[in-house]
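J.: Quick one: this structure, given as structure tokens, is what I'll be asking you about.
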């Protein structure tokens, strides 16, 4: 019954959660950050390596042909030692050189906190979306935290890359042999048998810089949620209004409607010039070619001039 109740609670949370945010860049990048942070601290924090060398003395009874030296995270190599024959008496403790714990632990610490923050931010995106966007405080805090983690990834990855290079130098059997006094005595022979495998540590550095890329890239997506980019995002200019043509495109004062237009209604209308009337007979008071026609009243002759040529004659 308790298991069923827990399942109901989980189902309610899933039903109320906005899992679509995982498909968006903001949530999807957080998933990648969460996964890559796991790989970063796992490949570094769980490392353990081993190197092997041999010391062949002139006195064969004093030789040691299989010397194993183990070391691990956090790489306090100055505390790692092995017993090497002196070819003359009792074996002697020889310590490795260097303490590279600071860069390694710093890298792992940043990775762990980035993992925790990514998990918490992702849960906030899914189940507390309204609280996240309330008063725009959530996106602003998220942006600041993302910027801090991006900077921390840059510093920690660079420091750990340098630290790893020093670890490789300090655990190289050839360099260890160079520091052993017994190997420089005549008749003694020292050989390296196996180098430590550091491919896992190389992978941790790669994941460190991949996390840097993810966190820097995520700054843009979080920045858009803050609303700070709104003043810089100008709306595209609207389409310019169409200017009316002269005379309203043959509408108001153009073809066929205005008092000075060129339409068929005014060109040959009653206010025009020569207007013969073929339908009525010529008379003294009508139209046509008579004395009171268009030449007299509305024709080309001015008002007050003789209305017919016969009167002038």
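Yeah, the Cβs are placed from backbone N, Cα and C, and that goes for glycine too.
Here the structure is a predicted model, which means the values were calculated and not measured.
So Swiss-Prot says this about it:
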- 1-25: topological domain 'Cytoplasmic' (TOPO_DOM)
- 21-227: domain 'MARVEL' (DOMAIN)
- 26-49: transmembrane segment (TRANSMEM)
- 50-106: topological domain 'Vesicular' (TOPO_DOM)
- 59: N-linked glycosylation site (CARBOHYD)
- 81: phosphotyrosine (MOD_RES)
- 99: N-linked glycosylation site (CARBOHYD)
- 107-130: transmembrane segment (TRANSMEM)
- 131-137: topological domain 'Cytoplasmic' (TOPO_DOM)
- 138-161: transmembrane segment (TRANSMEM)
- 162-199: topological domain 'Vesicular' (TOPO_DOM)
- 200-223: transmembrane segment (TRANSMEM)
- 224-313: topological domain 'Cytoplasmic' (TOPO_DOM)
- 238-313: region 'Disordered' (REGION)
- 254-304: region 'Repeats, Gly/Tyr-rich' (REGION)
J.: Count the other Cβ atoms sitting within 10 Å of the Cβ of residue 81 (phosphotyrosine), across every protein chain shown.
T.: 13
J.: To which of the glycosylation sites 59, 99 does the lowest count of other Cβ atoms within 10 Å belong?
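T.: Looking at the glycosylation sites 59, 99, the Cβ with the fewest others within 10 Å is that of 59.
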J.: Any idea what the model's mean pLDDT is for the topological domain 'Vesicular' (50-106)?
T.: 93
J.: Given a Cβ distance threshold of under 8 angstroms, which distant residues of the chain, six or more beyond its ends, lie next to the transmembrane segment (138-161)?
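T.: The answer is 44, 102-104, 106-107, 109-111, 113-114, 117, 121, 124, 131-132, 204-205, 208-209, 211-212, 215-216, 218-219, 222-223, 225-227.
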J.: DSSP helix, strand and coil counts for the topological domain 'Cytoplasmic' (131-137)?
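T.: Once the DSSP states are binned, the topological domain 'Cytoplasmic' (131-137) shows 7 helix, 0 strand, 0 coil.
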J.: The topological domain 'Vesicular' (162-199): which same-chain residues, six or more beyond its ends, come within Cβ distance under 8 Å?
T.: 49-58, 66, 69, 71, 75, 77, 84-87, 92, 94, 96-98, 100, 102-104, 205
J.: Do you know offhand how many angstrom separate residue 99 (N-linked glycosylation site) and residue 81 (phosphotyrosine) by C-alpha?
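T.: Counting only the Cα atoms, the answer is 13 Å.
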J.: Taking residues 6+ outside the topological domain 'Cytoplasmic' (131-137), which of them lie with a CB under 8 Å of any CB in it?
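T.: Same-chain contacts beyond the ends: 124-125, 225-227.
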J.: For residue 81 (phosphotyrosine) and residue 59 (N-linked glycosylation site), what Cα-Cα distance in Å is obtained after rounding to a whole number?
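T.: Rounded to a whole number, the Cα-Cα distance is 24 Å.
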J.: Using DSSP reduced to three states, classify the residue listed as 'phosphotyrosine' as helix, strand or coil.
T.: strand
